[in-house]
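K.L.:
I have a structure here, written as structure tokens, and I will follow up with some questions on it.
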Amino acid sequence: MGERAPDGSSKTGKSAKKAVGAEGETSPAKKATGKAAKKVTKRAENPAGKPAEKKAASAAKETAPAKRTAPAKKAAPSKTAAKKSTPAKKTAPARRTTSARKAAVAKKVKPAGVVLPAEAAVGKAAPVKKIAVRPPGGESPTALVRRARRINRELAEVYPYAHPELDFENPFQLLVATVLSAQTTDLRVNQTTPALFARYPAPEDLAAANPEEVEQILRPCGFFRAKTRSVIGLSKSLVENFGGEVPGRLEDLVTLPGVGRKTAFVVLGNAYGRPGITVDTHFQRLVRRWQWTDETDPDKIEAAVGALFPKSEWTDLSHHVIWHGRRICHARKPACGACPIAPLCPAYGEGETDPEKAKKLLKYEKGGFPGQRLNPPQAYLDAGGKPAPPLGAA
Ligand code: SF4
């Protein structure tokens, strides 16, 4: 799931070792505060615990139109008391009081309509910086949220079998495969890992491995020396610090050599069912084309896009976007004429618009070709997908 060339070819670059050795990490999200009331939309974030009041406050910000509420007032520690007995003039500036009322209302009345990121939050997945919805184009935040969610729904229909495109049987294999996927394709990783996991099935085995032997196995993945150091290093860390188990928390995962936020989210989302957004090269390109955000920093993209969707959708959203980037919305030649979300895309026309010509640009199962996994899920095969060939096969 690492960064890879959009057309399926391996990338090269001076930064490869750097990328393999140490992915970037971001600091935990800041907690929601009452000051955020002015923002049109805000996703409640809380790295540890997520008090219900803050979630409710965030939900209220998204749903309760300002006109329907009295002038705002500050959310006091005791909201009920403040509402019943404390006159507005004595408590706080007007806007703050509205915030308190919104929070109180949101706790009691579940808003109808769209599911909000805050209320849909599940699990204790990774902290992400909270951020307001700020459409880079001329549309309103509400319109952007609706359009973004509609794109995701459409993509869910186009790729109902979307899944992580790395072969794995357990969290350890997914973790190693994800680290290996930096600067190459998932296909190449999938063709390489069978030999690796046959020889070193557990963290203890890889931790004690002869680096030269591992290098020979990993050679097809490119940057095999750096990747060997990473997978042996992370295996040692798993053995020494986590009892040989892959931890299920972001803060633990990112302590492993070669594991950053993106890799951690892949593991959390696909091996532990904890939602996370995977901002790879496809994801970055597509969300900018769709004007979901104009951020360029992966962590800021993650936060901006996260604000548009319920947390429970983050993992599948990542699959949908990445799959679309690999199959239709390519970096250099997007197949706009064969794109099912063209009516929702501000960048329509950036690629080939002639339907027949665009069709020829489609890749993997959309173009009638094999996928990236040697062992894809049954749903993929049922939909006409083909398994990838093993290493060395035609
Ligand atoms: S219309 Fe073109 S640019 Fe927009 S998502 Fe589709 S392929 Fe990509």
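Sequential numbering from 1, following the chain as shown.
Here the Cβ of each residue, glycine as well, is placed from N, Cα and C on the backbone.
Model, not experiment: these values are computed from the prediction.
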K.L.:
When you get a sec, could you say which of 255-282, 367-394 is annotated region 'Disordered' by TrEMBL?
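P.N.:
Based on what TrEMBL states, region 'Disordered' spans 367-394.
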K.L.:
Using a 10 Å radius around its CB, how many other CB atoms surround Cys345 ([4Fe-4S] cluster binding site)?
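P.N.:
Total other Cβ atoms inside 10 Å, all chains included: 20.
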K.L.:
Mind checking which of Cys329, Cys336, Cys339 has the fewest other CB atoms within 10 A of its CB? They're the binding-site residues.
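P.N.:
Output over binding-site residues Cys329, Cys336, Cys339: least Cβ neighbours within 10 Å is Cys336.
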K.L.:
Treating G and I as helix alongside H, and B as strand alongside E, what does DSSP give for the region 'Disordered' (367-394) in helix, strand and coil?
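P.N.:
The region 'Disordered' (367-394) comes out at 6 helix, 2 strand, 20 coil.
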